[in-house]
Structures are given as C-alpha cells and as structure tokens.
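Record features, source TrEMBL:
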DOMAIN    81-595  domain 'Major facilitator superfamily (MFS) profile'
TRANSMEM  76-94  transmembrane segment
TRANSMEM  114-135  transmembrane segment
TRANSMEM  147-165  transmembrane segment
TRANSMEM  171-193  transmembrane segment
TRANSMEM  205-231  transmembrane segment
TRANSMEM  237-256  transmembrane segment
TRANSMEM  322-344  transmembrane segment
TRANSMEM  359-382  transmembrane segment
TRANSMEM  394-415  transmembrane segment
TRANSMEM  502-522  transmembrane segment
TRANSMEM  543-561  transmembrane segment
TRANSMEM  567-591  transmembrane segment
Amino acid sequence: MSRKASDNVEYTLRSLSNLMGEKRRRQQAEGAAGSAAAGERSLIAAESCSSLNSAASGAELERAARRQFQQDETPGFVYVVSVFSALGGFLFGYDTGVVSGALLLLKRELNLDALWQELLVSSTVGAAALSALAGGVLNGLCGRRPCILLASGLFTAGAGVLAAARDKETLLGGRVVVGLGIGVASMTVPVYIAEVAPPHLRGRLVTINTLFITGGQFFASVVDGIFSYLAKDGWRYMLGLSAVPAVIQFFGFLFLPESPRWLIQKGQTQRARRILSQMRGNQAIDEEYDSIKNNIEEEEKEVGAAGPVICRMLTYPPTRRALIVGCGLQMFQQLSGINTVMYYSATILQMSGVQDDRLAIWLAALTAFINFIFTLVGVWLVERMGRRKLTLGSLTGTAVALIILASGFLLSAQVSPRVTLNPPDPSHQNSTCTKYSYCNGCMLDPDCGLCYKLNKSSVVESSCIPVDKDSTMKAAWGRCSNETVFKKEDLFWAYNFCPTPYSWTALLGLILYLIFFAPGMGPMPWTVNSEIYPLWARSTGNACSSGVNWVFNVLVSLTFLHTAEYLTYYGAFFLYAGFAGLGLVFIYGCLPETKGKKLEEIESLFENRLCTCEI
Ligand SMILES: O[C@H]1[C@H](O)[C@@H](O)[C@H](O)[C@@H](O)[C@H]1O
C-alpha cells in the first residue's frame with residue numbers, strides 16, 4: 001500500500017474511533033432519558049456506525065470519516081489567541097529594529113559618542129538574553145499567560161520611559177526594560193502557541209510569530225523613515241509608539257486563557273478541559289486530553305521530579321539530544337549573519353550607487369519588507385514541506401547567497417579605486433587616513449571616508465579624509481565637509497563602502513539571502529524549539545535555546561566590525577557562509593521531522609542517537 005493510502009486508512013480509522021468515542025460520551029451525557037435532540041453530529045455518528053455495522057466497506061468508512069472531518073473545524077478562537085500572543089513577536093521585531101533610525105537623531109540631540117550608541121543597541125539584546133533564560137523558571141512556576149502579561153507590561157513601561165527620557169542614562173534604563181520584555185516574550189510566545197494549536201496547524205501558527213517579528217522590523221523601518229524628517233524629538237515617537245501594541249496585548253491577555261497543557265501539569269484538570277474544548281470547537285478532546293495526561297504521568301515516572309530541570313534534561317538522553325538540536329538551530333540561525341546582513345543592507349545599497357541618504361533609509365525598509373514577505377512564504381510552506389526540508393532548503397540557499405554576497409565584496413576589493421590626492425590636514429592632527437593608498441583600506445577604517453569625483457563611471461580626484469565626528473555623511477574637513485556644497489560640486493562622499501562596478505553582485509547576494517533565509521532559517525529554529533521538548537522540559541528548553549539565540553546575536557553583531565577589519569568584508573561574509581555550511585551538516589544529521597505529530601509523540605523522535613534520524 002502506498003504511504004498516502006495507508007495514511008488515509010489510518011486517518012479514517014482514527015476519525016471513526018473519535019466518532020464512536022464522541023457518540024459514547026454523548027450517550028452517557030444524555031443518560032437513560034435518551035434525548036431525542038442528539039443533534040446533527042449524533043446523526044452523522046449513528047449513520048457512520050450503522051454503515052460500519054452493515055456494510056463496513058472501506059469506501060463507506062472513508063466517506064463517513066470525510067463527513068466527520070468536514071464538521072471538524074478549528075475554531076477562530078485559536079487564531080485569535082495566536083495573533084494576540086504573536087504581538088509579542090511584533091514588539092520583539094519593532095524594538096530591535098527601530099533603534100538604528102532613532103540613533104541617527106539621538107546622537108545629534110544628546111551628543112552620543114560611539115560607546116553610548118553601542119550601549120543603547122546592545123543593552124537591549126543583552127537584557128533579552130538574560131531574561132529569556134530567567135523566563136524558563138517563570139514559565140514553569142507561573143504559567144505562560146502571566147509571562148506574556150509580564151512581557152507586555154515591560155514593553156509598555158519601557159516605551160513610556162524611552163518616550164519621556166531627558167538624558168542618556170534614562171534612555172539606557174528604558175532600553176534595558178524593553179530588552180527584558182523581549183527576552184520573556186521570545187521564549188514564551190512560541191511555547192504558548194504550540195501548546196494551544198491543534199497538531200496539523202501548529203507549525204503554521206508558531207511560524208506566524210516569526211512573521212510578526214519580521215513585520216515588526218519592517219514597521220519599525222517605515223516609522224524610522226517617516227520620523228527621520230522630524231529632527232527634533234522624532235526619536236520619542238519612534239521609541240514610544242511600541243506602547244500601542246503592548247497595551248493591546250496586555251488587555252487582550254487579561255481575557256485570554258492559560259495553556260491547557262500547563263494547567264494539566266499543575267493538576268488543574270477541570271479548567272484545562274474547559275479551555276481545550278474552547279480551542280477545539282466541535283472536535284472530541286478526550287483523546288488529546290488523555291494523551292497529555294498519560295504522558296505527564298509517564299514522564300514523571302521515567303525521569304523523576306527531583307533536581308533542577310536543566311540537570312534532568314542533561315542526564316536524560318532524549319531531552320539532552322533535543323536541547324542540542326534546539327540550541328544548535330538557534331546558534332546557526334545567528335551565525336548565518338541575518339542581523340549583520342539586515343543592518344548592513346543600507347551600505348550594500350549605497351555601494352550599488354544609491355547616494356541619497358533618505359533614499360537609502362527607504363531602501364532599507366524595502367529590505368525589511370522582503371524579509372517579512374518571504375517569512376509569509378514560510379508560513380505557507382511549513383505544513384506542506386515540513387520543518388526539515390524547509391530548513392535544509394533554506395540554509396542551502398542562504399549559504400549560496402552568502403557566497404555571492406562575499407564575491408561581490410571580493411570583486412569590489414580587487415578593483416578598489418586608488419587614492420590620488422593627499423590634501424594637508426588643516427587641523428594638523430595625525431590621522432590614520434593618510435596612510436591608505438586604496439579605497440579598500442580607507443573604508444575599513446571607521447575613522448575615514450573617501451571623497452571623490454566621477455568621470456563617466458571611473459573614480460577621479462579621490463582622497464581619504466577623516467569622517468566628521470557628528471555625522472558619517474560628511475568629512476571632518478576639506479572638499480566633502482559641507483554636504484550641500486559638495487553635492488553641488490558633483491563630489492561624492494563614501495563612508496564604509498567603495499564605489500564599485502560590482503555592486504550588483506552584492507545586491508543580488510543580499511536579495512537572494514533574504515529570499516532563502518526568511519522562509520526557513522528565520523522561523524524554523526523558533527518553531528522547532530516550541531515542539532521538541534516534553535512538557536516538563538519545555539520552558540527550560542526554550543529558555544536555553546532563546547538565550548543561545550540572543551547571546552549569538554550579540555556576539556555576531558558586536559564582532560562584525562572587528563571581523564571585517566581583520567578579514568575584510570568579503571572575509572566576514574565567507575566566514576558566515578562557512579558557518580552556514582557547518583549548520584547544514586548539523587541539520588542534515590540531527591533534525592528529525594516533527595510535522596503533524598502530537599507534541600506528546602515528538603519525544604520518541606529523540607530516543608535514537610543523534611545523526612541517525614530519518615532523512
Ligand atoms: O527569526 C528572527 C528573524 O528572522 C529576524 O529577522 C532576526 O532579526 C532575528 O534575530 C531572528 O531570530
């Protein structure tokens with residue numbers, strides 16, 4: 001029998017056993033009085049059972065099951081709950097994305113030096129790493145709902161502090177509060193959605209959370225674009241706007257339920273049953289309820305309940321393997337360089353000849369839009385292709401795109417224009433910029449930029465000059481120190497990039513990167529982590545893997561400029577391509593397929609040694 005046919009029969013039989021279970025339950029509820037109003041569903045059940053008795057032919061069985069299936073609709077409530085939780089993802093994306101635009105205005109208004117700018121960006125990511133780890137304990141003790149409420153409270157408070165800040169210290173405090181919210185939300189939301197979703201929709205609904213993350217990043221870039229025109233206080237709106245979705249989520253969650261799985265674990269079975277039937281509409285919940293309950297009991301027998309969860313996870317082989325897979329996926333997601341590619345997109349676009357800064361900001365919004373739209377493709381594909389194929393395909397494409405991107409930088413470096421003019425520094429300060437004889441060295445030095453003219457498409461009259469301390473858009477002195485003047489005189493100022501005929505290669509690499517990364521490597525690490533741990537280990541497993549995601553996020557972004565200085569840009573992107581290659585080997589060997597499986601069935605996928613999973 002073909003796989004499909006056997007699946008059908010299995011499904012048919014399962015549906016029929018549901019049908020009969022449902023009928024039995026109804027009969028018990030209706031009691032001896034034998035209510036005549038058994039409803040349409042009982043009629044179908046009766047019809048199905050009688051057809052089972054009389055003919056019992058395969059075709060009839062299948063027809064009855066199909067009719068039952070058509071009645072089994074997932075109630076809209078599951079979608080409402082998922083969307084409200086995914087607002088946490090939106091805030092994660094918004095708050096990590098909005099800061100780059102806000103900094104452009106902030107550094108002028110509050111005179112921020114490089115250290116303070118760095119602090120305002122990385123304090124949020126650092127706080128997120130810590131609170132994701134702490135979120136595991138909170139989730140286990142208090143449940144998912146209080147954690148989501150806490151996260152939206154933190155997002156609101158942080159937004160308020162940031163919008164009202166009068167000095168940089170308050171700003172730093174606000175960014176830390178927001179980071180604490182991001183960490184808790186990033187680990188709780190995928191777990192919560194996975195626990196309320198029916199198995200056949202779980203991947204899609206959890207992936208919606210990542211869609212909201214990238215949606216938040218896109219929205220942030222549009223808000224940055226709009227408020228960049230408001231030189232005074234524009235940053236207050238940028239940073240404060242996130243209070244709106246945070247408040248909506250907070251009030252929404254006052255009315256939304258706790259995860260039924262967490263409730264069963266805590267022995268609150270009546271409440272759990274009520275919520276589970278709300279989530280499943282007209283489908284029978286007995287089977288699901290029993291399987292969750294039995295599983296919890298078995299797990300307690302098998303693993304015991306003594307000692308910290310992380311120690312039990314590490315000493316019990318299936319959860320140890322799941323943890324390695326979960327953390328590995330999150331590590332490779334960040335090591336493939338998504339956040340540097342996104343952050344660097346404006347420069348890549350400038351290399352392609354976009355000289356106007358405002359245009360570059362809007363084109364960066366376009367980059368965020370491509371990331372968002374292709375995450376939507378992931379939502380569509382995840383239940384069709386499954387997690388494993390989608391992740392493998394996505395990472396393969398990402399690695400190829402990184403190679404193209406790196407080659408673009410390599411070719412550009414090989415034809416890097418010569419520095420032809422060396423004007424004397426009027427301030428007589430000893431700048432490092434004078435020592436470079438090619439643009440390539442000049443652009444890798446964060447203190448210098450290239451001032452040049454174009455003759456047709458070739459660079460002429462070029463000089464490597466120190467960059468202005470307040471704005472990277474002009475030189476500290478000389479021909480390129482006054483923006484309006486040098487633009488009128490047909491002069492160009494290149495900071496962080498060199499004019500190159502190979503910019504299209506980098507641009508192609510950038511677009512391909514997002515097209516491949518966004519549907520798979522973006523969402524799958526979150527989706528897979530939400531489903532691979534048994535209930536007792538789920539909060540801790542997700543806390544660890546989210547922590548790994550944030551720690552590698554900080555590491556990759558903080559080291560990028562140094563990596564680029566030592567290895568040059570193409571070296572840095574080749575390095576990420578290498579990491580993506582290693583990630584491919586890891587995923588090929590270790591990631592099992594979890595599509596369509598009940599959360600309770602997934603543990604068995606990790607019973608075998610790693611690297612022996614099905615292909
Ligand atoms: O899955 C998300 C997403 O792909 C984002 O675009 C990225 O900024 C995050 O770091 C990542 O965790």
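Yeah, the Cβs are placed from backbone N, Cα and C, and that goes for glycine too.
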Cβ-based contact of the transmembrane segment (205-231) with the transmembrane segment (543-561), 3 or more pairs under 8 Å: no
Close approaches to the transmembrane segment (237-256) from elsewhere in its chain (Cβ under 8 angstroms; 6 or more beyond its ends): 80-81, 84-85, 87-88, 90-91, 94-95, 98-99, 101-102, 105, 145, 148-149, 152-153, 155-156, 158-160, 162-164, 174, 178, 181, 220, 223-224, 227, 230
Residues from the same chain, set at least six apart from the ends of the transmembrane segment (76-94), whose C-beta lies under 8 A from its own: 148, 151-152, 155, 181-182, 185-186, 188-189, 192-193, 196-198, 201, 205, 208-220, 241-242, 245-246, 248-249, 252-253, 256-257, 278-279, 281
Ranked first among 171-193, 359-382, 567-591 for CB pairs under 8 angstroms with the transmembrane segment (114-135): 171-193
Chain residues in Cβ proximity to the transmembrane segment (171-193) (below 8 Å; excluding those fewer than six residues from its ends, i.e. six or more beyond): 81-82, 85-86, 88-89, 91-92, 95-96, 99, 106, 110, 119-120, 123-136, 138-139, 144-145, 147-148, 150-155, 157-159, 161-162, 165, 202, 205-206, 208-209, 239, 242, 246, 259, 526-527, 529-530, 538-539, 542-543, 546-547, 549-550
